[in-house]
Amino acid sequence: MSDSREGLLTVDLQAVGDNYLVLRERLADGSRCGAVVKADAYGLGMARVAPALYRRGCRDFFIATQAEGETLRALLPEDADIIVLTGVRPGRELECARAGLVPVLFTPQQLRAWVDSCARAGIRAPCSLKVDSGMTRLGMSSAELRQLLTERDLLRAADIQLLLSHLACADEPAHPQNARQLECFRRAGEELKALCPQVSLSLANSSGIFLGDDYHFDIARPGSALYGVNPVPGSPNPMRAVVELSLPVVQKRYVAEESSVGYGATQKAAAGSWLAVARGGYADGILRAQGGRGCGWACDRRLPMVGRVSMDSATYDISALSEAQREALENIEVLNRELTVDEVAGYAGTIGYEILTGLGHRYFRRYLRS
Ligand SMILES: *Cc1c(COP(=O)(O)O)cnc(C)c1O
């Protein structure tokens, strides 16, 4: 039953698939396009998004946790690889291998534990390694990698499928860190491949794809761009918008005298203005940080938010609408093709990623054809 009384979140799977093809087209010859579907496909619903990407030809799926991987394994055919970006907890190695998941390992010790656990069970399961090329988050240092390369027995026993690293500044093409990380990763890749020639290399996230062919290596790992976030901030967005969010108006009111609106009385509505209170607040992912700055959308125009965002509602100034439009107004859109995740993120002082992953669970979700 389609019950959109508490808001309608529309996810366009066709647009996700088209975005996948746009990214794949940009890749250098010989590079494959994977897909990052962690955090429930950035909040959009992995159960629908991942199979749609598989149908478009994606075979390399990246998720954050083992639990996400186990869920995804049941959704995809066996020929899809599922790589767990935050690795495997100590003692869970065999469970991970038996679930058909490929962990990303960050230290030589983790690789040894993986190989030993699998050997004790009589199996040889694929894994991947991460090298830190300059972000100083996850991954082994170049020195640790070099140390690992002296452990020939371990490398022979391991089935290392992939070496990856992550860019810290891919969305700033002019940042000198990009070239430094590229060089560091290239060197690490050459050293590992000299001993393990079967290893594939992966560096680029969404924005990394737009840094040029040098960054593509064997597999790209886009996430946000698949879901419509602009991978090239400051330039026109090459991706299609994927989400639309429409909230029901639960009260319209005329303000006869200048009145403060919402908690803290932080902002005033002018005498003679019309307001609409929409059912959707910070518990639904309408970030409170955009209070007084953000906007909604109706009748082809932006409508300013007034006052703070509440837990379950937010207030919009609809004075700019004609009387007929006002009377007919039933919903306010807070995300659409015009009012993009990137624009809304700007009002809240955050990034599109946080808008998507924060989308609430009280909306009715509708998926458009894939
Ligand atoms: C989340 C993540 C990605 C995807 O990044 P986007 O910027 O969303 O494309 C790629 N690689 C790693 C290691 C990640 O954690």
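Any Cβ shown, glycine's included, is placed from N, Cα and C.
Whatever TrEMBL says is automated annotation, not expert-curated.
TrEMBL lists K38, Y263 with the feature active site, proton acceptor. What TrEMBL lists as N6-(pyridoxal phosphate)lysine is K38. Annotation comment: TrEMBL describes R137, M311 as substrate binding site. The domain 'Alanine racemase C-terminal' annotation in TrEMBL covers 242-368.
For the domain 'Alanine racemase C-terminal' (242-368), the model's average pLDDT works out to 97. Under 6 Å, Cβ to nearest atom of ligand 1: this is the test, and of the recorded positions R137, Y263, M311 it is passed by none.
Within 10 Å of the Cβ of K38 (active site, proton acceptor) there are 20 other Cβ atoms, across all protein chains. Cβ-based neighbour count (10 Å, all protein chains) for M311 (substrate binding site) stands at 12. All protein chains included, R137 (substrate binding site) registers 10 other Cβ atoms within 10 Å of its own Cβ. Under the three-state DSSP scheme, R137 (substrate binding site) falls in the coil class. Put simply, M311 (substrate binding site) is 11 Å from Y263 (active site, proton acceptor) when counted between their Cα atoms.
Reported as a whole number, the C-alpha separation between M311 (substrate binding site) and K38 (active site, proton acceptor) equals 26 Å.
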